[in-house]
Amino acid sequence: MLTAASKLEATTANDAEQELTDGFHLIIDALKLNGLNTIYGVPGIPITDFGRMAQAEGIRVLSFRHEQNAGYAASIAGFLTKKPGVCLTVSAPGFLNGLTALAHATTNCFPMILISGSSEREIVDLQQGDYEEMDQLAVAKPLCKAAFRVLHAQDIGIGVARAIRAAVSGRPGGVYLDLPAKLFGQVMNADAGKKSLVKVIDAAPAQIPAPDSVKRALDVLKSGKKPLIILGKGAAYAQADDEIRTLIEKSGIPFLPMSMAKGLLPDTHPQCAGAARSTVLKDSDVVMLIGARLNWLLSHGKGKTWGDAPKKFIQIDIEPKEMDSNVEIVAPVVGDIGSCVSALVQGMGSNWQTPPADWIKTVQTKRDDNVAKMAPRLMNNNSPMDYHGALGVLRTIIKERPDAILVNEGANTLDLARGIIDMYQPRKRIDVGTWGIMGIGMGYSIAAAIETGKPVLAVEGDSAFGFSGMEVETICRYKLPVCVVIFNNDGIYRGTDVNPSGGPDVAPTVFVKSARYDKMMEAFGGVGVNATTPDELKRAVNAAMDSGKPTLINAVIDPAAGSESGRIGNLNPQSVLKKK
Ligand SMILES: CC(C)(COP(=O)(O)OP(=O)(O)OC[C@H]1O[C@@H](n2cnc3c(N)ncnc32)[C@H](O)[C@@H]1OP(=O)(O)O)[C@@H](O)C(=O)NCCC(=O)NCCSC(=O)C(=O)O
């Protein structure tokens with residue numbers, strides 16, 4: 001509805017006044033009607049006024065410095081809330097910047113809607129050279145789950161409803177909503193406009209698994225002498241935390257969390273096999289995947305990682321096409337994770353046999369060995385720091401503040417932090433996801449602070465931070481409780497590579513030596529700290545988490561620390577320094 005200040009009035013033939021609305025307000029009303037009250041975006045033609053009006057109407061509008069970061073923010077907002085995160089961009093270049101995040105959301109199965117202004121259809125279709133001309137709908141289509149264009153104000157309600165339903169139902173993903181500039185100004189009768197809006201009922205309906213499939217899965221699980229459960233980020237997304245915990249504990253089966261599923265049950269849980277990863281993948285005989293895909297992160301379910309022992313896979317996923325995508329799935333269970341896990345728990349009955357004691361013992365021994373081997377390395381107070389000394393401090397801080405959100409990206413910084421920092425609560429670790437992408441850091445941090453109200457600790461490689469670093473201004477502008485720690489070892493993987501040609505340029509993996517990223521934060525009124533020892537790092541992070549002030553800590557890491565194997569993972573926390 002129009003505000004008093006912006007009411008548009010028209011005079012009918014008999015001089016009676018008729019209340020009108022327009023495209024701007026219909027879009028705002030449609031979003032609000034469906035509980036979408038936050039927009040992440042970058043203003044500009046033709047959506048600047050839209051952002052202003054949305055803010056005036058009570059939507060939280062967060063302006064970023066680059067659309068890709070706003071898009072990543074929207075994507076992770078979708079993961080954290082199960083509602084589509086909304087990103088708003090300008091035409092062509094802004095749209096393209098946001099598109100990377102939309103594709104990322106689709107790949108990661110996060111619900112997100114990219115709303116983009118676009119130039120005039122008539123001119124675009126005749127390719128007459130409009131301002132920022134591009135057939136955005138056609139470009140977006142292959143990169144998202146669904147794409148819609150709304151041409152008439154009376155269709156806005158349906159367009160927004162379809163976008164929401166497409167984003168969250170079934171396997172969630174990214175949706176593109178194309179709004180040509182002319183649509184915003186289209187005027188229509190306010191009553192008719194209101195009636196044209198659609199409140200989406202039951203946007204992501206429960207998908208109950210077939211009873212036969214549940215029985216089959218339980219029969220296979222029961223047959224295992226060395227069973228394993230793998231939890232993926234789909235399990236974290238489902239917000240079926242209690243059901244999942246019950247399943248794991250009732251079954252007595254060791255579980256391996258993928259990185260964004262860490263904390264669904266604490267990493268310190270006696271059944272957690274995170275620190276016995278190689279052993280459980282190689283030696284297990286029955287593997288139940290819950291919201292995890294057999295993609296590159298699980299070596300496609302075959303090869304050396306999985307050892308020679310024959311395996312039977314059970315898979316729980318909402319998407320039937322996921323089954324048999326890499327190896328044979330002997331017991332597919334198709335449905336939403338909450339419904340599937342509840343059905344499995346019910347089917348287990350009251351006299352479920354926990355796995356043989358020797359399997360449990362093997363897993364526990366391996367885990368305890370790995371944890372014990374790593375422990376002394378986390379205690380050093382070296383200067384410059386190594387990864388273990390610095391991460392040892394952060395591990396303790398997260399243990400003491402288990403509800404903080406940990407954002408993590410980088411190569412070595414990612415691979416080592418994943419293993420070293422234990423998580424205790426669901427959906428507290430957000431990271432590079434399915435693509436192993438660089439650049440999510442500041443967008444994720446901003447959305448995590450906005451959506452959860454919790455303190456955020458972003459642990460960033462110096463290279464990874466560079467992709468979204470300008471958003472520290474956004475963090476300061478909105479006074480968000482985000483503490484960014486940059487593991488600064490002067491380069492990508494490490495800062496000591498040399499130019500083999502002997503020429504004047506530094507090696508492609510090397511950055512400015514001894515850079516002071518903390519000064520960036522100070523430039524915008526935040527707190528900047530240069531930390532050269534684990535003790536200094538600990539003090540600075542604790543101060544930031546206590547104060548909630550935007551803080552950036554330049555953690556000075558030995559430039560020779562780090563390994564190139566970080567680029568594909570498989571970096572053992574115990575061996576990184578030996579590999580350099
Ligand atoms: C799929 C993977 C989890 C597999 O990695 P692995 O190294 O095999 O496993 P992990 O990291 O989980 O564990 C390594 C070892 O540490 C052990 N481990 C795990 N946790 C612990 C704790 N808490 N204590 C002690 N030991 C531990 C674990 O059992 C393994 O030992 P053992 O059991 O003894 O083997 C990883 O490859 C991954 O997530 N990769 C994503 C990488 C990524 O996205 N990179 C961004 C691209 S960077 C980029 O763009 C670029 O560089 O270019």
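Cβ coordinates come from backbone N, Cα and C, glycine included.
Here's what TrEMBL has on this protein:
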- 23-138: domain 'Thiamine pyrophosphate enzyme N-terminal TPP-binding' (DOMAIN)
- 214-344: domain 'Thiamine pyrophosphate enzyme central' (DOMAIN)
- 412-554: domain 'Thiamine pyrophosphate enzyme TPP-binding' (DOMAIN)
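For the domain 'Thiamine pyrophosphate enzyme TPP-binding' (412-554), the DSSP counts in helix, strand and coil order read 58 helix, 27 strand, 58 coil.
If you take every residue in the domain 'Thiamine pyrophosphate enzyme TPP-binding' (412-554) and average the pLDDT, you get 97.
The DSSP breakdown of the domain 'Thiamine pyrophosphate enzyme central' (214-344) into helical (H, G, I), extended (E, B) and coil residues amounts to 59 helix, 24 strand, 48 coil.
Broken down by DSSP into helix, strand and coil, the domain 'Thiamine pyrophosphate enzyme N-terminal TPP-binding' (23-138) contains 60 helix, 20 strand, 36 coil.
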